[in-house]
Amino acid sequence: MAAPDGDSPSPSSSSSSSSSSSPPRCVLVFSGKRKSGKDFVTDSLRGRLGGDVCAILRLSGPLKSQFAKEHRLQLDKLLDASDYKERYRGDMIRWGEARRSADPGFFCRLATQSDGARCPVWLISDARRRSDVDWFARHHGAVTRTVRVSASDDTRRKRGWVFTPGIDDMESECGLDSGVQWDWNIRNDGSDGDLDSQLQEILSHVELQLGS
Ligand SMILES: Nc1ncnc2c1ncn2[C@@H]1O[C@H](COP(=O)(O)OP(=O)(O)O)[C@@H](O)[C@H]1O
Ligand SMILES: C[C@@](O)(CCOP(=O)(O)OP(=O)(O)O)CC(=O)O
């Protein structure tokens, strides 16, 4: 994977950027449109791998946290799949883009400095831009793999998605529609059984990386 993201690594942003003394053994970077099931898939993988070895790191975590503080909003409601989050999504996107344009690795660095980054397996649940994918390739390339989660518009609508101009046609939702060679493509339209068999290949890869 190419890795020109324009941020200069510093001691706090290199592969030792986590609060862990050892770098991650496996990093899976997930992308997908809203309501495709990124959280569902990463929760399911973490459930199987166990919270002691596997952490879900959300790039939107530090973004929402800072945005909530600055705008006196309820962080817990920005973090779940609520209408409250959707009400502020456009504003959060614009706020985050201002930060990213000054420093494309800003949220990647913060997410990987959180406590969860002590775990050997990182599930990065929400890459949205080429610069996100490139940051992980640049800092953790040897252990990074990419996963695209897709669901049909019909399925997404059943999960509550409503096409919104200014969101669904912008970089936040479309920035990774092309240009990345995904290591795995997960189709998340169907039953749990369909998903299980697709996740098995990823689980085998992680177990191999962990040497178990
Ligand atoms: N395979 C699945 N089976 C059942 N429910 C699912 C499945 N995938 C996603 N969902 C549900 O659809 C909704 C949106 O999924 P979510 O993971 O929050 O999407 P995203 O993080 O991509 O926006 C959630 O309520 C979630 O529980
Ligand atoms: C401002 C955002 O970070 C909000 C992301 O919120 P979520 O990651 O909760 O979104 P979905 O799971 O896809 O519904 C988007 C961005 O452009 O950074």
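From the backbone N, Cα and C atoms, a Cβ is placed for every residue, glycine too.
DSSP classifies Lys33 (ATP binding site) as coil under the three-state reduction. Summarising the annotation, TrEMBL assigns ATP binding site to Lys33, Arg34, Lys35, Ser36, Gly37, Lys38, Asp39, Arg159, Gln198.
TrEMBL lists Asn188 with the feature substrate binding site. Residues within less than 8 Å, Cβ to Cβ, of Asn188 (substrate binding site) and separated from it by at least 6 positions along the same chain comprise Gly32, Ser36, Gly37, Phe40, Val41, Val149, Ser150, Ala151, Thr155, Leu195. In the three-state DSSP classification, Asn188 (substrate binding site) falls within coil.
The compositional bias 'Low complexity' annotation in TrEMBL covers 8-24.
Sequence annotations record features per position, and here TrEMBL assigns region 'Disordered' to 1-25.
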For Lys33 (ATP binding site), nearby residues of its own chain (Cβ under 8 Å, 6 or more apart in sequence): Ser150, Ala151, Arg156, Asp168, Glu173
Residues among the binding-site residues Lys35, Asp39, Asn188, Gln198 that border ligand 1 - Cβ under 6 angstroms, in sequence order: Lys35, Asp39, Asn188
Other CB atoms within 10 A, centred on Gly37 (ATP binding site): 24
